[in-house]
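**Q** Take this structure first; my questions come after.
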Amino acid sequence: MTKAPVAPVVLVILDGWGYCEETRGNAIAAAKTPVMESLWTAYPHTLIHTSGKAVGLPEGQMGNSEVGHLNIGAGRVVPQELVRISDAVEDGSILSNSALVKICQEVRNRNGKLHLVGLCSEGGVHSHITHLFGLLDLAKEQRISEVCIHAITDGRDTAPTDGINAISALEDYINHVGIGRIVTVSGRYYAMDRDRRWDRIQRAYDVMTQDGAGDGRKAVDVLQASYAEGVNDEFIVPVRIAPGTVESGDGVIFFNFRPDRSRQLTQAFVSPEFTGFARQQIKPLSFVTFTQYDSDLSVSVAFEPQNLTNILGEVIANQGLNQFRTAETEKYAHVTYFFNGGLEEPFAGEDRELVSSPMVATYDKAPAMSATAVTDTAIAAIQKGIYSLIVINYANPDMVGHTGQIEPTIQAIETVDRCLGRLLEGVSKAGGTTIITADHGNAEYMLDEAGNSWTAHTTNPVPLILVEGEKVKIPGYGTNVELRSDGKLADIAPTILDILQLPQPPEMTGRSLLQPAEYDVQSPRTRIPVGLN
């Protein structure tokens, strides 16, 4: 007998689509979004928290895509690496971290140099500069004679020219502790690419590994000269300013804690079968990453991954159900690796499809990105009729929002809105239920109070809309479901399990957003047109 098609729950994550009443600098408010506006009017909706303690970050700390997807997939508030490592610096336990102490001993025994590589930023998304200060304290305590800092500048999770403040603070701390020097400077556009643009990684790698005394400038002078040419922190061209080449016998500590933008540069240093560009592997070279960037990398890890059990993908798999994940390159790791709690391998019954992002320098040049192809991929998965859960990420609001260009971001928002309309038609035909939400804010706030471009994330809440399916009945909730107003990202997984009528495991401490109803759940619902055609 042929199995009846599955009516799926489709989770749509609009990356960087925050909520803000202020319309100035608000690309979402300025965009024409008839689908989202109709859905907001016609269907149950709420605002949920995506920053600070609600997602395991310090109070007031903006959320990000990694943290957002981790919390969504885990169904609980996950203490973040930023807090974990900051606590180690604060309480001094970083000084006795076994992986960090060991690399210092190896470098000292070989009479080599210790290289500290990472994003010099207070953004708290990929790193924090206070973690670098902790490493300088460690190097001093371990009596390392030569400490070379390879500074990567931000301008994406911070203001575009905030790097000069971070570098100045670093120089002050170097003077205070009496150890270390900045030897190279590189914008994150080059050193932290995650889209296999190996030419960018090579620019940073070559500067770090090729001999040379440098041009003798101070790091702040490099930044000021770049600003004068209209080049902000993100795009600082890699440059050597002082001696300190990474070479045989040395040790490297990569102090970024977020994996996705740290993998490629690490691969260039340690992978024996590396093919991104021609290079001679440096041996021996001790290498420590702050967190686990990839289980296949031959490195030591200072802060081992937390073990998350009974996360959403695992629960779906254990129930013998199928699931599907899709996103374009920029966000693919988020709907797979991060959504699965840092696991690389898919669960049983979990299918994935990567859609390539367009090969452009910055996404304001192609604001539609690959949203249409992502939509096509998702609709094809829905039409198979075999998936109980489908997870989709639209990267446009976040990736174009990060450029600081409002007009292209408006175009990006409008593209996603059109794609949503088409996607929802497909879900409706399958009798599925759609949850539309975001992982953090961005595109709703693109000008600061002084009118300057804002390229970072925000602490604003994000929308969540429940588009109820024709065939799906949600026992105990009635036909006009209400949603709680105090929710957070950790509540999404329990909500999905609620809709699928699956038990919530005790490890999943989030709470379903669905409000119990006092009326007959079988009473017919009058479908409200939402302008999807």
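In case you wondered, yes, glycine gets a Cβ from its N, Cα and C as well.
Here's the feature list from Swiss-Prot:
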ACT_SITE  Ser65  active site, phosphoserine intermediate
BINDING   Asp15, Ser65, Asp439, His440  Mn(2+) 2 binding site
BINDING   His126, Arg156, Asp157, Arg188, Arg194, Arg258, Pro259, Asp260, Arg261, Lys331  substrate binding site
BINDING   Asp398, His402, His457  Mn(2+) 1 binding site
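Could you place these features in context, so I can see how deep they sit and what lies close by?
**A** Reduced to three states, the DSSP call for Ser65 (active site, phosphoserine intermediate) is helix.
Neighbour density for Asp157 (substrate binding site): within 10 A of its CB lie 22 other CB atoms from the protein chains shown.
For the recorded site, His402 (Mn(2+) 1 binding site), the DSSP three-state label reads coil. Residues near His402 (Mn(2+) 1 binding site) in space but far in sequence (CB under 8 A, at least 6 apart, same chain), listed by position: Gly16, Arg156, Tyr363, Asn442, Thr455.
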**Q** Measuring Cα to Cα, how many Å separate His440 (Mn(2+) 2 binding site) from Arg261 (substrate binding site)?
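**A** Pair distance, Cα basis, whole Å: 18 Å.
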**Q** Within 10 Å of the Cβ of Asp15 (Mn(2+) 2 binding site), how many other Cβ atoms can you find? Include all protein chains, please.
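**A** Its Cβ shell of radius 10 Å holds 26 other Cβ atoms.
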**Q** Which residues, sitting 6 or more apart from His126 (substrate binding site) on the same chain, put a CB under 8 Å from its CB?
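**A** Set apart from His126 (substrate binding site) by at least 6 residues yet with Cβ under 8 Å, we have Gly118, Leu119, Asp157, Arg188, Met192, Asn256, Phe257, Arg258, Arg261, Ser262.
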**Q** Rounded to the nearest Å, what's the C-alpha distance separating Arg194 (substrate binding site) and Ser65 (active site, phosphoserine intermediate)? Just drop the number here, would you?
**A** 14
**Q** Say we define neighbours as other CB atoms within 10 Å of the CB. Which of the binding-site residues Arg194, His440, His457 has the fewest?
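**A** So among Arg194, His440, His457, the binding-site residues given, the one with the fewest Cβ atoms within 10 Å is Arg194.
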